[in-house]
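What follows is a single structure, written as structure tokens, with notes after it.
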Amino acid sequence: MSHDLPPQPLTATAGLALQGALRPPGDKSISHRAMILGLLSIGETRVEGLLEGDDVLRTAAAAQALGATVERLGEGQWRIVGVGLGGLSDPEGVLDFGNAGTGSRLMMGVVGGQPVTATFDGDASLRKRPMRRILDPLVRMGTEVVSEEEGGRVPLTLRGPREAIPVTYETPVASAQIKSAVLLAGLNAPGVTTVIEAAATRDHTERMLRLFGAHVEVTAHGPEGHGRTIALTGQPTLRGTDVVVPADPSSAAFPLVAALIVPGSEVTIKGVMMNPLRTGLITTLIEMGADIERLREREEGGETVADLRVRASRLKGVDVPPERAPAMIDEYPILAVAAAFADGTTRMNGLHELRVKESDRLAAVADGLKANGIAHVIEGDDLVVHGDGTAPKGGGTVATHLDHRIAMAFLVLGLATREPVTVDDGAMIATSFPSFLPTMQALGGRIA
Ligand code: S3P
């Protein structure tokens, strides 16, 4: 094993229908960004509903190491006193981001644009992930890569310039992390930094930069307006503000699919963020025939949120177009589980980015499906799952490869298969959904 804790195997067993209501934890993407913009602004930022998972706590520790005052006031309530653009100090030790790809990559953008030097490291999963995609644009903006592991991996050390160079950067893959790193470095550039993306990715950085006082212009381009051009005016005065974090749709996905596949279930999931760049899974499940009602739509923290009432449903196989991938990039493992219960074939197209997540998710999902007797095939970058509308056999043990979403997806599978499903290590669930176990147990799910 490659985290320091002993592995925590968990087993899910089918039981009675799931019933009840829950509020998933705060959105991980927004929680990281609140810490980072809190660090870069002048004055106090108060965050309500922060995800207190290991990934975000690593970003909080890094913000503190770079000079911010970070305090926990109560459950999900945090206070950050920032240092302002230009006020960062060299951290004393290594910035250890654990399993957190988003935290580390966004903070590379921060350090890469400011006159500080910092070393980034992480766990065995993070040490495998490609950082060249972040370093390439940063080098163009004036960042010096002092040292790096082979292929641009952590541990690596960055030294930022006195002022960043404003650039126009076309992202080579659809990635909100690349876009965000460039924009965060561009905060310290004298001029306009522009990011061009062929397909729109989650826009939390743009929205939050505006909330803190930066000027950001966004225009749509390309076929059917799928692309985005984002132009940030550098060297703004960022002022601390209040941030309310809505519930994470990527965490909501697990109880949601559980309620669909466990016969007789009815579950309400409250306060889920409905940002259209995050709701691809819900769109897909509704196409599959899922009974999901959006109730009490309202605004919270600058985002639309809704309560989702989910009832067990007969699902049918569908084709998921590649253009939808950015809006559901973290949801393919749990969609593959839903597809295993559907009648017919579900084809998920264009999943190449899944190979560079916390694990090679395409391989991890395929291995997990195989271990549980679920017919599937990988064709190039597509995953094809065949279901016959009945509960799969299950009975397998799934290797999670330090990947929280692989662990949660296959535990959900085991809530409805004919035989229990075991995951080899559930420890990483704490990175994004620390209350996953008690939450699922409170609904009636048998996971232990
Ligand atoms: C994230 C962007 C996505 C996503 C990750 C969170 C973010 O990664 O998979 O969980 O908060 O910006 P990529 O930008 O690599 O697609």
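Every residue gets a Cβ built from N, Cα and C, even glycine.
TrEMBL entries are annotated by machine, without manual review.
Record features (TrEMBL):
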ACT_SITE  ASP330  active site, proton acceptor
BINDING   LYS28, SER29, ARG33, SER175, GLN177, ASP330, LYS357  3-phosphoshikimate binding site
BINDING   LYS28, GLY101, ARG129, GLN177, ARG361, ARG405  phosphoenolpyruvate binding site
DOMAIN    16-439  domain 'Enolpyruvate transferase'
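Binding residues for phosphoenolpyruvate (LYS28, GLY101, ARG129, GLN177, ARG361, ARG405) extend across at most 19 Å, taking the greatest CA-CA distance.
When Cα-Cα distances from the residue listed as 'active site, proton acceptor' are compared across the binding-site residues LYS28, GLY101, SER175, ARG405, the shortest belongs to ARG405. Taking ARG129, SER175, GLN177 as the candidate binding-site residues, the subset whose CB lies under 6 angstroms from any atom of ligand 1 consists of SER175, GLN177.
If you draw a 10 Å sphere around the CB of ASP330 (active site, proton acceptor), it holds 24 other CB atoms from the protein chains shown. Least packed by the Cβ count within 10 Å, out of the binding-site residues LYS28, ARG33, LYS357, ARG405, is LYS357.
Residue pair GLN177 (3-phosphoshikimate binding site) / ARG405 (phosphoenolpyruvate binding site) shows a Cα separation of 18 Å. Counted within 10 Å of its Cβ, the other Cβ atoms near SER29 (3-phosphoshikimate binding site) come to 28, all protein chains included. Within 10 Å of the Cβ of SER175 (3-phosphoshikimate binding site) there are 21 other Cβ atoms, across all protein chains. The binding-site residues in question are ARG129, ARG361, and the one with the fewest Cβ neighbours inside 10 Å is ARG129.
Summarising the environment of GLN177 (3-phosphoshikimate binding site), the number of other Cβ atoms within 10 Å of its Cβ, over all protein chains shown, is 24. The two recorded residues LYS28 (3-phosphoshikimate binding site) and ARG405 (phosphoenolpyruvate binding site) have their Cα atoms spaced 13 Å from each other.
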